[in-house]
Amino acid sequence: MSSPTSTPSRRRNKRGRGSNPPTPHGEEVQSPPSQRRRTEDSTSIGELLPMPTSPSGDLQSPSGQELMFSSPAPSRHSALQSELDLSSPLTYGTPSSRVEGTPRSGIRGTPARQRPDLGSARKVKQVDLHSDQPAAEELVTSEQSLGQKLVIWGTDVNVATCKEKFQRFVQRFIDPLAKEEENVGLDLNEPIYMQRLEEINVVGEPFLNVDCDHLRSFDQDLYRQLVCYPQEVIPTFDMAANEIFFERYPDSILEHQIQVRPYNALKTRNMRSLNPEDIDQLITISGMVIRTSQIIPEMQEAFFKCQVCAFTTRVEIDRGRISEPSVCKHCNTTHSMALIHNRSMFSDKQMIKLQESPEDMPAGQTPHTTILYGHNDLVDKVQPGDRVNVTGIYRAVPIRVNPRVRNVKSVYKTHIDVIHYRKTDAKRLHGIDEDTEQKMFTEERVAMLKELAAKPDIYERLASALAPSIYEHEDIKKGILLQLFGGTRKDFSHTGRGKFRAEVNILLCGDPGTSKSQLLQYVYNLVPRGQYTSGKGSSAVGLTAYVMKDPETRQLVLQTGALVLSDNGICCIDEFDKMNESTRSVLHEVMEQQTLSIAKAGIICQLNARTSVLAAANPVESQWNPKKTTIENIQLPHTLLSRFDLIFLMLDPQDETYDRRLAHHLVALYYQSEEQMKEEHLDMAVLKDYIAYARTYVNPRLGEEASQALIEAYVDMRKIGSGRGMVSAYPRQLESLIRLSEAHAKVRFSSKVETIDVEEAKRLHREALKQSATDPRTGIVDISILTTGMSATARKRKEELAQVLKKLIQSKGKTPALKYQQLFEDLRGQSDAAVTKDMFDEALHALADEDYLTVTGKTVRLL
């Protein structure tokens with residue numbers, strides 16, 4: 001007798017057999033096709049005890065059916081046809097189509113039809129492990145003794161033992177290392193999975209998620225079988241879980257039977273290290289979703305109707321193929337069966353492309369991608385940009401040389417059939433998941449966060465916990481902290497305005513080596529849907545979206561870029577000043593309207609890009625020139641700069657006292673004295689939970705006092721510049737103050753924006769303007785520098801110089817042409833202030849705009 005390990009491959013031997021169930025009278029047992037040649041002349045019983053097949057008329061014989069499906073209750077040992085559990089997940093001995101009047105006939109289809117993620121396992125051979133020939137009278141045995149003898153062909157999985165072990169695991173397992181945050185609402189001293197079954201009864205979602213680490217600590221052998229033979233073992237788990245559930249809750253009504261979903265398999269592989277030994281095994285990989293397809297209908301059961309006599313029949317899909325009936329069983333007409341689509345059964349299917357995470361990539365390598373297929377309720381569970389741990393079965397499918405020829409290539413195509421998604425990342429903030437919002441925080445954690453929010457110095461403590469290794473820059477850290485919290489989302493569509501931007505945009509600019517990039521990297525590693533990109537290595541389509549041909553459907557599809565992938569997150573853009581003009585132009589719509597309009601290759605759509613932009617830029621001369629404005633230093637268009645709520649300068653002061661304090665701070669990162677070790681720092685996990693809770697549950701609204709304070713602040717800002725003929729504020733500055741005030745109220749866990757929030761927003765906004773919008777010639781804050789690209793004094797000086805030049809030309813009399821160089825020297829000699837060539841050119845352009853003169857080459861001609 002061959003052992004299970006030496007049996008042929010289960011892939012090759014999953015076809016059905018037409019054998020009859022064993023009888024207790026000693027008749028010859030018909031062997032499977034592989035054994036038929038050896039036993040056709042023999043009168044003794046064959047070595048292998050076959051499985052009864054489904055569609056034959058053997059339903060009247062309860063012996064074969066009781067073997068797999070009879071309930072443990074003693075009253076059901078004499079099972080009749082109506083008592084057979086025909087909806088068992090393993091479909092051993094079940095009919096190939098639905099049978100009317102079966103138990104739970106209201107459930108559409110068996111779990112084998114409802115679990116396309118496990119592939120087709122309708123007909124599975126079983127092997128008798130006993131090497132001795134049993135006597136004829138010994139064949140009449142109990143269900144338990146027969147179950148102990150049988151394993152699934154090609155494996156060492158004993159169905160009865162496997163089911164018994166899993167039931168024992170569900171009923172007894174208590175996790176000694178369980179954390180309360182991960183098991184909200186569960187008693188950690190009671191069996192976890194029995195409480196999960198109770199949740200299923202209350203909520204009605206028939207999915208039981210099983211941690212493979214729990215299974216491995218409870219039963220190593222059962223865990224090994226699950227990893228090696230998931231296609232055979234998971235249906236057994238389904239069967240065991242359903243038996244426990246319906247025995248405990250017999251009156252419960254579910255949409256379909258409970259499906260067990262294992263996750264966190266120890267066989268976690270890097271995506272690039274998957275190899276042929278992992279095929280058909282349970283694996284867990286991690287990565288970032290970069291593309292999801294549309295929902296694809298996949299046929300599970302075909303409905304055929306005879307065109308002659310209207311006889312109907314159903315055929316299940318086996319390994320992606322339909323066995324079309326060639327002869328009608330009712331009228332014996334050949335080739336008369338037609339497929340009726342609207343009577344067939346379909347399941348949802350979706351293709352997901354998963355890309356390797358940057359932290360898993362070896363140095364100098366490009367990221368690998370793999371194809372996932374999600375089925376039924378796993379469709380639309382993840383979106384592009386999500387970082388997920390995926391548990392599934394690794395598959396290899398042949399590729400045909402020609403679709404019309406059955407020859408296949410020797411190289412197979414691989415994919416993963418998804419069984420479980422887990423959107424978790426310990427290093428990042430909790431993602432806002434609509435399904436798990438209520439389960440994110442325990443009552444104790446919420447109480448601790450609210451106690452922390454009641455402290456008067458919580459704003460400063462949170463800011464100091466943000467990037468503690470970076471010295472000083474308190475106002476910049478406070479601005480980034482408010483960006484992480486964000487404002488309150490509002491909808492003004494009834495007024496015709498549309499959506500009001502709630503995200504805060506921040507620009508950091510200054511000398512090289514002032515830790516701008518470190519701040520960006522810190523924020524990128526903190527937020528759940530963050531993207532990090534560099535200005536020089538980014539293109540317009542890489543930031544927005546581009547059209548590509550889908551390799552599966554050969555149709556044009558839209559591939560999203562960094563700004564769309566960071567929707568509801570933060571997009572960090574380094575080297576912002578080195579972007580080319582076409583790349584920067586796509587940011588205008590995103591930074592104000594929070595949408596992205598696409599019209600390419602016949603695809604016209606508008607994508608959501610509700611992302612905050614945190615950008616860093618270096619000055620053109622490699623060092624900040626205090627005699628130039630911000631726009632002149634970083635060479636960015638004023639239309640883009642005006643969309644940033646806060647623009648901070650990070651300059652190197654070149655002061656000995658500052659240098660000494662900075663050096664002391666850097667050395668302290670490597671060596672801490674006892675006094676420094678005693679200093680209290682806010683835990684990083686607390687900071688993440690604090691921000692996540694505020695973003696999810698705190699939505700402050702403006703109060704009456706805060707509204708009046710905002711109005712007064714805006715009027716005061718306008719009043720400052722009106723006396724000097726310059727504009728010091730625009731409506732965008734007022735909206736920025738509103739967003740910053742709401743974010744500061746979120747820091748305090750306040751549902752109402754108060755005057756204290758407006759005062760802090762005013763102070764932070766004023767500090768940023770002091771640095772970025774100060775006119776270097778007058779030392780006065782002039783918002784026109786950011787909105788129009790030129791300060792009011794520069795504009796006034798330009799107009800005055802143009803008038804002086806005009807008077808100089810008029811004093812020369814009616815001369816039709818003047819030499820450029822001579823006119824420039826005459827102007828310099830007449831003017832008291834120093835006149836540069838650029839200023840002279842600007843004056844000429846101003847007069848040219850008035851149609852007073854024109855410049856051709858080195859000659860100035862009057863009009």
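Cβ coordinates come from backbone N, Cα and C, glycine included.
Between the stretches 26-29, 330-333, 594-597, 642-645, Swiss-Prot puts its motif 'Arginine finger' entry on 642-645.
Broken down with DSSP, the zinc finger (306-331) shows 0 helix, 9 strand, 17 coil. DSSP assigns Arg732 (ATP 1 binding site) to a helix. Reduced to three states, the DSSP call for Arg643 (ATP 1 binding site) is coil.
Note: Arg732 (ATP 1 binding site) has non-local neighbours Ser642, Arg643, i.e. same-chain residues 6+ apart with C-beta under 8 A of its own C-beta. In the predicted model, the domain 'MCM' (458-667) has a mean pLDDT of 79.
Taking the Cβ of Arg643 (ATP 1 binding site) as centre and 10 Å as the limit, one finds 19 other Cβ atoms among all the protein chains shown.
On its own chain, Glu735 (ATP 1 binding site) has Phe500, Arg501 as residues at least 6 apart in sequence with a Cβ closer than 8 Å to its own Cβ.
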